[in-house]
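Chemist: One structure, pasted below without further comment.
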């Protein structure tokens with residue numbers, strides 16, 4: 001029996017239901033870590049005595065680390081066994097949570113959040129584990145639980161943040177909580193997740209990961225610090241130039257290595273390139289509106305464009321409805337993909353996102369309008385998230401599916417990091433005397449969001465043909481990438 005597949009040697013002692021529950025909880029943790037820090041950014045800024053631009057990196061560096069670490073750990077799961085890598089990642093999440101909870105240093109907090117970025121790879125690893133150990137007829141239901149758990153975790157994270165930090169409670173409470181959750185899940189994972197064997201041979205593209213991470217760091221550093229340094233200063237110019245040079249070096253490396261972090265050759269396929277661009281804009285738009293609404297509602301109402309929301313109100317009143325809509329919109333998007341195809345679903349999602357951003361742009365004077373705009377936009381993003389993998393899968397060979405979806409994960413995380421950094425940069429460059437953002441910040445942000453959704457519509461119409469967008473179709477036959 002070959003040790004390269006491991007599918008014939010599946011342990012069957014583990015209950016399928018228990019496995020689905022534990023893996024769904026892992027997906028929930030990913031969403032918790034993604035959302036819990038957002039409502040308390042203002043509190044962190046005051047407690048650590050750092051600027052708005054600086055504290056934004058608490059979110060940005062987590063997403064940046066996710067963009068780099070997700071494909072690295074996913075490949076490591078294939079090489080060394082997914083169970084082993086899952087346990088390592090949970091241990092890293094626990095360590096990052098402990099460090100974030102115990103430190104009073106801004107720089108150590110950033111380091112801790114970067115470590116926690118490894119949690120994003122728990123979802124693709126969990127998908128692989130389910131495919132290996134769950135009966136084929138039960139796999140769709142199991143995968144739906146994993147996807148739904150992300151929306152549940154996002155909503156739960158906001159509720160828990162509001163409760164754990166209500167009043168003058170320390171923001172570090174959220175990290176003590178995630179530490180406890182990680183330790184419990186580590187024990188459950190050891191007990192429930194079956195042992196597996198390596199699924200492939202080869203090596204991890206560490207150089208590609210380093211160069212991609214460095215290029216993104218330099219780009220986002222220039223964006224977020226440009227206002228403080230001066231947009232024409234040596235530091236800002238050097239960061240932008242360094243990002244371009246490093247990105248070019250990364251492209252050169254990816255074209256030469258046998259097992260690249262990102263298979264650049266795949267992007268010759270117009271449909272696949274378009275799907276990745278759409279994933280980028282979905283991630284970009286989601287964090288742009290998420291951070292934008294958070295900053296808007298916490299502005300004192302005396303300024304005329306804020307609502308003096310506390311952390312608890314921000315979490316439960318303004319953000320929770322938007323996060324909760326994903327519980328409905330994600331499966332709805334999946335149903336639409338099955339019935340109408342990925343192309344039609346992406347068009348509808350982009351159009352809804354455009355309407356949501358336009359509503360926020362024109363009408364954000366009342367609390368219920370801000371809540372409505374958040375619900376509309378996040379519902380659109382949830383539908384889009386369901387459609388992108390279907391389009392990707394429809395145009396690649398079966399053996400390329402995991403690699404293609406890993407690439408889509410990178411572009412989505414990069415888009416999220418860029419959206420976060422852009423919102424932080426806008427806030428930092430348009431502050432009032434009391435250090436709260438001007439209304440123009442949100443007008444610009446929502447206009448950019450609307451433009452990104454309009455561009456998504458164009459990309460879908462031009463880049464994704466009808467014939468390759470239906471999820472019901474068979475995967476593409478063995479062929480070379482084309483410029484269709």
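Backbone N, Cα and C atoms are what each Cβ position is placed from, and that goes for glycine too.
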Chemist: May I ask you to indicate which of 29-53, 229-253 is given in TrEMBL as transmembrane segment?
Modeler: 229-253
Chemist: Tell me which of 5-24, 85-104 corresponds to the transmembrane segment entry in TrEMBL.
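Modeler: Transmembrane segment, as annotated by TrEMBL, spans 85-104.
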Chemist: Can you see whether the transmembrane segment (206-223) and the transmembrane segment (174-194) are touching - at least 3 CB pairs under 8 angstroms, only pairs 6 or more apart in sequence?
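Modeler: No, the transmembrane segment (206-223) and the transmembrane segment (174-194) are not in contact.
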Chemist: Any residues 6+ beyond the ends of the transmembrane segment (413-432) with a Cβ under 8 Å from its own?
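Modeler: Sequence-distant neighbours of the transmembrane segment (413-432): 51-53, 56-57, 59-60, 63-64, 66-67, 70, 120, 216, 219-220, 223-224, 226-228, 279-288, 291-292, 295, 303, 438, 440-441, 444-445, 448.
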Chemist: For the transmembrane segment (316-337) and the transmembrane segment (142-162), does the number of C-beta pairs under 8 Å, pairs 6 or more apart in sequence, reach 3 or more?
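Modeler: The answer is yes, given that the two segments have at least 3 Cβ pairs within the 8 Å cut-off.
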Chemist: Are there three or more C-beta pairs under 8 angstroms joining the transmembrane segment (344-362) and the transmembrane segment (274-296), sequence spacing 6 or more?
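Modeler: Counting Cβ pairs under 8 Å, at least 3, so yes.
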Chemist: Could you tell me what the rest of the chain brings near the transmembrane segment (174-194), counting residues at least six beyond its ends with Cβ under 8 Å?
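Modeler: Residues packing against the transmembrane segment (174-194) from afar: 10-11, 13-15, 18-19, 22-23, 25-26, 29, 32-33, 36-37, 40, 83, 86-87, 90-91, 93-94, 97-98, 100-101, 112, 116, 129, 133, 160-161, 164-165.
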Chemist: Would the transmembrane segment (344-362) and the transmembrane segment (444-464) count as touching if the test is at least 3 Cβ pairs under 8 Å, pairs 6 or more apart?
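Modeler: Yes; at least 3 Cβ pairs under 8 Å.
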